[in-house]
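Visitor: Let me begin by handing over the structure; questions about it come next.
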Amino acid sequence: MKLKDTKSRPKQSSCGKFQTKGIKVVGKWKEVKIDPNMFADGQMDDLVCFEELTDYQLVSPAKNPSSLFSKEAPKRKAQAVSEEEEEEEGKSSSPKKKIKLKKSKNVATEGTSTQKEFEVKDPELEAQGDDMVCDDPEAGEMTSENLVQTAPKKKKNKGKKGLEPSQSTAAKVPKKAKTWIPEVHDQKADVSAWKDLFVPRPVLRALSFLGFSAPTPIQALTLAPAIRDKLDILGAAETGSGKTLAFAIPMIHAVLQWQKRNAAPPPSNTEAPPGETRTEAGAETRSPGKAEAESDALPDDTVIESEALPSDIAAEARAKTGGTVSDQALLFGDDDAGEGPSSLIREKPVPKQNENEEENLDKEQTGNLKQELDDKSATCKAYPKRPLLGLVLTPTRELAVQVKQHIDAVARFTGIKTAILVGGMSTQKQQRMLNRRPEIVVATPGRLWELIKEKHYHLRNLRQLRCLVVDEADRMVEKGHFAELSQLLEMLNDSQYNPKRQTLVFSATLTLVHQAPARILHKKHTKKMDKTAKLDLLMQKIGMRGKPKVIDLTRNEATVETLTETKIHCETDEKDFYLYYFLMQYPGRSLVFANSISCIKRLSGLLKVLDIMPLTLHACMHQKQRLRNLEQFARLEDCVLLATDVAARGLDIPKVQHVIHYQVPRTSEIYVHRSGRTARATNEGLSLMLIGPEDVINFKKIYKTLKKDEDIPLFPVQTKYMDVVKERIRLARQIEKSEYRNFQACLHNSWIEQAAAALEIELEEDMYKGGKADQQEERRRQKQMKVLKKELRHLLSQPLFTESQKTKYPTQSGKPPLLVSAPSKSESALSCLSKQKKKKTKKPKEPQPEQPQPSTSAN
């Protein structure tokens, strides 16, 4: 069996210089006799001969690193540890060896413990340079990394001295992952309010560092029944009320309880490799800084630690016991396959030993190997495999990333490992994350079901699942969405059913019932959906057995009290005017929602022409770009994000001031979740709807479902600025349309030309989109575009919000000059709306004494 090829292995050089991958040539290559009749057809006339090597030794890479690789090893980042320990053990007695240690750039890392693990401890074999071979893929990665780190440099750096261990460790600090969640500095808060809710002590410590002094209402009502009584929970609360911690803390408690019940005693063997003991004991022994650095990494930047898991060690033991010493020569990676003698170094001829001596040497080697493997098998038994204990299902990828980061922040002192499985990212990297056997997995249904079908060993047995969480459950179980979820729930409730499993279901619109469409109501045998019927249907789809505890903290309006709702009635073509007016008049962190991706792309091009650089977020974007745009939107104070309903649910973006519904959502649930991106955690926020003629029907449905007692107020717009706004939008539309058509035509024509060149055919002018443009027409179009852009640039250079003033003397244009009068920065959209409300409340009080006059005259 051959090791899995890894990135850390150096590539074979094209020169004729021989290289060794852990094999030392003792004898000579012997020619293999082949029957010449086998090559009678003449297809292998260039073949010279076949050679085989039977007399060789296994060389320890750690003993002679200079003879392993002839070229400079690739640089790798690692945590540095001093090499002085090896010198104290007497491994580097010669001064030449000490010089090599000083030259090495990367000092021995934590992975040196795993490197020592595979060295033969017999001094006789040690002198001969024999070594063991690891058959496990991940262990192979570890050893190859260590070999690369100890490889010497070709060039001598005379002026540079070796860094001390403290300096090297301080220089290499792990990079913090980018995220849109605000960083909370270590500030200890009083968490006495959490103690009555049966929160574990490590979680209390993390809550203190995060500054969460008191639980939110949904957390206070959920934690005790979920942790103490172990009840299934159906939780409904407003957006931004802390539902993530309401299900994260009970899940962490369930994992900790399982670890206590299945805790294994530490291994008695003091010489056990640190890489093995760290897998289980590391949950309690590693420092909080390491746990935080490990958990804060995004899926894209996650680096798998070089640790040998129990399952990996068992595979390694099976591989070693199954093969002899001679067979292990073939296990040194795929780079040696088919290369023959070119992969080895021909050293000085060594006198050939007798056959009896060779047999004795082989017996000693195999005996030492078996003894070491027996010790490892005992270590494997001491540490059982960690099953999957917690599973969180979310509808969107961004929400899954956010939930994982929240869980990692709360579980930073518990040692619990988490993993994320979402689409749009590398499947192989997520498989490596699952190889670490995390206790908690946060996933979207599609990628999770894909890995389950591939029968990953960590996802095979879901009967041991202790906690199942379905976030945004009403969206997850909607008909026509997430087909994989129904198959997954069916499997969990049938073949993988666990009666001890706890199910937690949360959403902001869990109990919100909207009216069904007319085409469904007119059908026979249709029942009106109410709150109880919706919950029963939800429980049936998820497979919850028994009576769960229902916690409903939503208002009748379903929105937050601190949210201010407003609207603007306009024509469809006028939506661009009011959107541009609002973004220019009230700058800040604004989130604009639309129902379609095409609308998002058109708005993005239009605003870019107007010197507003918006960020976009929709389903057709690459996942890395989606996460990058979210992070940038949370970092910039004055920024615009154009998004579809992908960003409507669950995202906790800090300090979003305005949510603008460019197109009215189709259902009331989407409206509640869109508006919930602002006014989070007792902060104020504004929700603005641009209502066109085609949006009136959806607006009335939302107004009726949310049971609004008062009419939504109109947003105040200063009409004196609209003429300038319309002129800018008119020019921007012409430029955007022309550029879009030209781009589409060039894209289509380029594809047609490439296809014709591949087929070797000639194209006709009719096949070009818009016809094949002449040079004169193209020059005329470009000249027209320059004129439009120059005119728009002139308008954009002038201030938009100005006030006219009277002058004593006539002007050249015959019009009064416009002087700049910028609005005060302290005046926000919320303050303008509140002023308008105060004016309306004062007006009806003035004409009250005049009302009884008509009644007296009638008498």
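Placed from the backbone N, Cα and C atoms, the Cβ positions cover glycine too.
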Visitor: Hey, which of T179, T302, T379, T503 does Swiss-Prot call phosphothreonine?
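Guide: That would be T302, per the phosphothreonine annotation in Swiss-Prot.
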Visitor: May I ask you to name which of K155, K363, K808 Swiss-Prot has annotated as SUMO2 cross-link?
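Guide: Record annotation (Swiss-Prot, SUMO2 cross-link): K808.
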Visitor: Pick from K21, K243, K624: which one does Swiss-Prot list as SUMO2 cross-link?
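Guide: Comparing K21, K243, K624 with the record, Swiss-Prot tags K624 as SUMO2 cross-link.
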Visitor: So which of S66, S82, S166, S738 shows up as phosphoserine in Swiss-Prot?
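Guide: That would be S82, per the phosphoserine annotation in Swiss-Prot.
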Visitor: Choose the correct range: of 3-6, 27-30, 471-474, which one does Swiss-Prot annotate as motif 'DEAD box'? Give that range.
Guide: 471-474
Visitor: In Swiss-Prot, which of these is labelled N6-acetyllysine: K71, K531, K786?
Guide: K71
